[in-house]
Amino acid sequence: MKIFLSSDMEGTTGVVDWGQCRAPSPEYDYYRGLLQAEVNAAIDGATAAGADEFLVNDSHSTMQNLRPDQLHGDASYLSGRHKPLYMMQGLDPTFDAIFFVSYHGSMSSAASTLSHTYNPRAIADVRLNGTVVGESGINALVALAHGVPVVLITGDRTTAEEATPICPGIETVVVKESVTRFAASSLHPRRARALIRDGAQRALERLHTFRPPAITLPATLTVLFRNGDLAEMACWVRGVERTDEKTVTMTDDDPLRLFRTFITTVVLTRDIAE
């Protein structure tokens, strides 16, 4: 059984501040260790359920947060910040299941620690076929394109609730309850790891019940930018249409092409976001 694991960092238990998940902050090394342990817990649970091949896509910030020699399961490690498919680079139809570890809620969600949607300086809200989505929902487009189910997500409760409509039946592991965007009540790391391990094992033991993400095609992404300049620049991308001063839409019957269109707008607007 072959598993694709996309790891972010803001959803790690105990993380409540950008300095905890970005170098060169003195706290970064400690919290990257907590992330590493949560990723390994997911791998351990998957191994217990029979998985024997893993690809870990380090998907946070510079995408160089994990220590490859410390990954369990002899996992392959995909790192580095220039990835055309970002958090989903490396996925193909040969995988049996997808794990999202240490994910966070969307920028427009209810309280979720360090919430954002790809670029917090540029994007205020994203909706997929009218439903508010964060990175999990957007990334699910790539999962759908390859016909692979997303079976596990870990993070705070908001993150779990946002993923469920797009990925019905997904195993959710809540490791913290967000109070505000910069405060949360977190489980002890040992407890969080135990829950993640058990959740990963449960998800794969019922893998036969999962289907690819429930996204109706053709699908539409509606993106609200923080200002009109960003929306104008996004419209330089083929297939992107402006609907008001700060909002654009993009529609496609190919989920992978829709994801690529969205990512292109993210990259294009990054340098002018303030």
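Every residue gets a Cβ built from N, Cα and C, even glycine.
Note on E135 (Zn(2+) 2 binding site): other Cβ atoms within 10 Å of its Cβ, all shown chains, come to 27. Taken from TrEMBL, the feature Zn(2+) 2 binding site applies to D8, H60, H104, E135.
Residues or ranges marked as Zn(2+) 1 binding site by TrEMBL: D8, E10. All protein chains included, E10 (Zn(2+) 1 binding site) registers 26 other Cβ atoms within 10 Å of its own Cβ.
Other Cβ atoms within 10 Å of the Cβ of H116 (active site, nucleophile), summed over all protein chains shown, number 21. Among the features that TrEMBL reports, active site, nucleophile is placed at H116.
Across the binding-site residues listed here (H60, H104), the residue whose Cβ sits among the most other Cβ atoms within 10 Å is H104. If you take the Cα of E135 (Zn(2+) 2 binding site) and the Cα of H116 (active site, nucleophile), they are about 8 angstrom apart, rounded to a whole number. If you draw a 10 Å sphere around the CB of D8 (Zn(2+) 2 binding site), it holds 26 other CB atoms from the protein chains shown. A Cβ within 8 Å of the Cβ centre of D8, H60, H104, E135, the residues given for Zn(2+) 2, is found for these other residues of the same chain: M9, E10, G11, S59, M87, S102, Y103, G155. Under the DSSP three-state reduction, H104 (Zn(2+) 2 binding site) is assigned to coil, being neither helix nor strand.
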